[in-house]
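Colleague: I grabbed these lines from Swiss-Prot:
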SIGNAL    1-23  signal peptide
TOPO_DOM  24-282  topological domain 'Extracellular'
TRANSMEM  283-303  transmembrane segment
TOPO_DOM  304-347  topological domain 'Cytoplasmic'
MOD_RES   313  phosphotyrosine
TRANSMEM  348-368  transmembrane segment
TOPO_DOM  369-377  topological domain 'Extracellular'
TRANSMEM  378-398  transmembrane segment
TOPO_DOM  399-417  topological domain 'Cytoplasmic'
TRANSMEM  418-438  transmembrane segment
TOPO_DOM  439-450  topological domain 'Extracellular'
TRANSMEM  451-471  transmembrane segment
TOPO_DOM  472-502  topological domain 'Cytoplasmic'
TRANSMEM  503-523  transmembrane segment
TOPO_DOM  524-536  topological domain 'Extracellular'
TRANSMEM  537-557  transmembrane segment
TOPO_DOM  558-571  topological domain 'Cytoplasmic'
TRANSMEM  572-592  transmembrane segment
TOPO_DOM  593-599  topological domain 'Extracellular'
TRANSMEM  600-620  transmembrane segment
TOPO_DOM  621-643  topological domain 'Cytoplasmic'
């Protein structure tokens with residue numbers, strides 16, 4: 001115990017330093033050096049909106065197109081995210097300014113949007129879509145300057161807080177009129193690399209910003225060389241899009257370069273730095289204090305009570321007298337009686353082990369910086385493949401538990417483990433994907449990708465689950481310290497607070513309270529297209545979640561056994577996952593208060609994916625709590641003498 005108390009502060013200090021550290025690039029992600037006037041390619045990623053949750057590819061709208069459209073080959077994670085990276089006609093040269101350039105169209109021949117195109121553009125603007133571009137793999141950002149008064153200052157001066165919004169707004173609405181951002185002012189920052197005296201300077205792109213503007217056709221002056229002159233001052237009017245008729249306009253852009261002290265290795269800090277890091281720290285510290293405080297209280301109560309009970313049981317010569325006044329020892333002959341549906345229980349727990357291993361490895365690897373944000377889709381790709389390969393551990397744990405519960409049909413149990421949870425996930429995703437297909441969104445998983453996922457499931461995960469299940473079933477089952485009686489003991493009438501649903505509500509509060517702040521930022525990253533890269537904090541929260549789930553599970557199973565109810569297997573699994581109920585409640589609260597979703601399909605997508613999240617979280621926390629309780633029950637019954 002003393003060694004553990006010495007080890008914990010060192011562990012927390014290491015994690016704090018990891019949380020504080022900046023993002024770094026893993027080997028193999030090399031910087032690109034540009035020379036003067038080298039082309040810097042601007043690519044489009046997708047269009048996104050937090051109101052619809054339906055991404056679209058860039059050319060789903062009538063933007064100017066290059067002579068040849070070329071889509072980048074994407075990994076699994078990029079496809080699942082809805083990214084469709086494609087080239088654009090923007091001509092940008094390293095450290096070369098452009099005042100104003102026409103993207104497409106001529107001086108006497110502007111771009112004409114048909115009625116259908118105008119209606120589509122107007123619809124996307126009213127749905128608050130953002131356009132996402134990249135230059136040298138850096139996403140474009142819009143600078144936001146927020147002003148707040150300084151309370152500590154006597155003159156109440158305004159302080160400027162600079163934040164960055166990912167992407168740029170497609171347009172805006174004002175007094176029931178719709179306006180399109182048809183001029184983009186690109187601001188690219190470069191870092192000059194040190195070179196020898198006789199060598200030419202090289203440059204690296206370290207930031208990519210844009211200032212979107214809406215400029216009316218009549219206010220732009222276009223010459224024969226496709227150059228343009230922007231209107232001066234505030235005399236110009238924005239470019240209106242009337243969805244009921246054809247619209248004429250120009251798409252234009254300008255390029256400005258600025259030298260920066262930002263080094264290439266830290267260029268992502270602009271996008272990943274959050275102004276609310278203190279909130280994370282306060283949340284972590286509060287959770288750690290609460291968990292340690294409750295750990296002390298629960299440990300004192302349970303350990304002192306158990307020591308007293310075990311000492312009394314081991315001293316008593318008359319077992320019958322002991323049984324008349326005892327609690328949890330009364331059910332020693334039934335506590336390890338196999339529950340109903342042992343195959344389903346072991347299958348769910350096997351999937352929970354699979355999830356636990358996958359999440360632990362992903363968070364740990366990401367915390368070390370090995371899943372760089374520059375590697376788009378790497379996080380999701382890694383998670384998918386890890387879940388497949390962790391099937392061997394899930395199968396092994398499920399097979400051994402199934403044999404411990406007196407199961408005999410191991411082949412059927414292995415198939416159930418390999419298909420039950422993944423089948424539910426695939427079924428829900430397939431139904432949602434049909435709706436996304438119907439909206440022609442890039443978020444729809446293409447048919448070849450779906451076939452590839454099925455091949456991964458049945459070609460990698462299922463055989464590995466069978467392999468692990470085979471060895472787990474052949475291994476010696478868990479050694480239960482007491483024998484099970486042939487005739488089940490009658491269970492006395494339980495008090496109201498021992499009700500299963502009440503237990504779920506009580507047990508879920510502590511784990512959810514330890515993580516709900518971090519849950520807010522995760523929801524913001526998922527549903528509001530924000531970056532999330534504070535995996536050091538997330539790893540801390542995950543450790544706290546594991547500890548709190550284990551504690552609550554042990555306490556709940558102890559009180560259940562004291563009430564002489566030995567049916568703890570399923571109940572403990574359900575109660576330990578009680579925090580998933582609070583995650584569902586929080587998801588509903590977030591939907592009502594944070595998101596502006598009113599249409600059916602976006603709402604269906606939100607609650608469909610939320611269902612998957614809650615189900616996965618229930619499996620994860622239920623598995624953690626179950627194995628903690630199982631170890632506890634075996635420990636306490638091994639400590640007493642049973643005749």
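From the backbone N, Cα and C atoms, a Cβ is placed for every residue, glycine too.
What you are looking at is a predicted structure, and each value in this text was computed from that prediction instead of being measured.
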Colleague: Can we call the transmembrane segment (503-523) and the transmembrane segment (451-471) in contact, meaning three or more C-beta pairs below 8 angstroms at a sequence separation of 6+?
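Modeller: When sequence-distant Cβ pairs are counted, the transmembrane segment (451-471) does not touch the transmembrane segment (503-523), since fewer than 3 lie under 8 Å.
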Colleague: Does the transmembrane segment (537-557) come near the transmembrane segment (283-303), with 3+ Cβ pairs under 8 Å (pairs 6 or more apart)?
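Modeller: The transmembrane segment (283-303) and the transmembrane segment (537-557): touching, yes.
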Colleague: Taking the transmembrane segment (572-592) as the first stretch and the transmembrane segment (451-471) as the second, find out whether 3 or more Cβ pairs fall under 8 Å, excluding pairs closer than 6 in sequence.
Modeller: no
Colleague: Apart from its near flanks, which chain residues at least 6 from the ends of the topological domain 'Cytoplasmic' (399-417) lie with a Cβ under 8 angstroms of it?
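Modeller: Same-chain contacts beyond the ends: 338-339, 342-347, 349-351, 462, 465-466, 468-475, 477-478, 480.
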Colleague: Taking residues 6+ outside the topological domain 'Extracellular' (593-599), which of them lie with a CB under 8 Å of any CB in it?
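Modeller: Same-chain contacts beyond the flanks: 50-53, 128, 523, 527-528, 606.
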Colleague: Given a Cβ distance threshold of under 8 angstroms, which distant residues of the chain, six or more beyond its ends, lie next to the transmembrane segment (451-471)?
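Modeller: For the transmembrane segment (451-471), the sequence-distant neighbours (Cβ-Cβ under 8 Å, at least 6 residues beyond its ends) are 76, 350, 384-385, 387-389, 391-399, 402, 410-411, 413-415, 417-419, 422, 426, 445.
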Colleague: Looking at the topological domain 'Cytoplasmic' (472-502) alone, can you tell me the average pLDDT?
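Modeller: It averages 82.
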Colleague: By Cβ distance under 8 Å, which residues at least 6 away from the ends of the topological domain 'Cytoplasmic' (621-643) in the same chain are close to it?
Modeller: 306, 309-310, 313-314, 319, 328-329, 332, 335-336, 348-349, 352-353, 355-356, 478-482, 507, 511, 545-546, 549-554, 556-558, 561, 568-569, 572-580
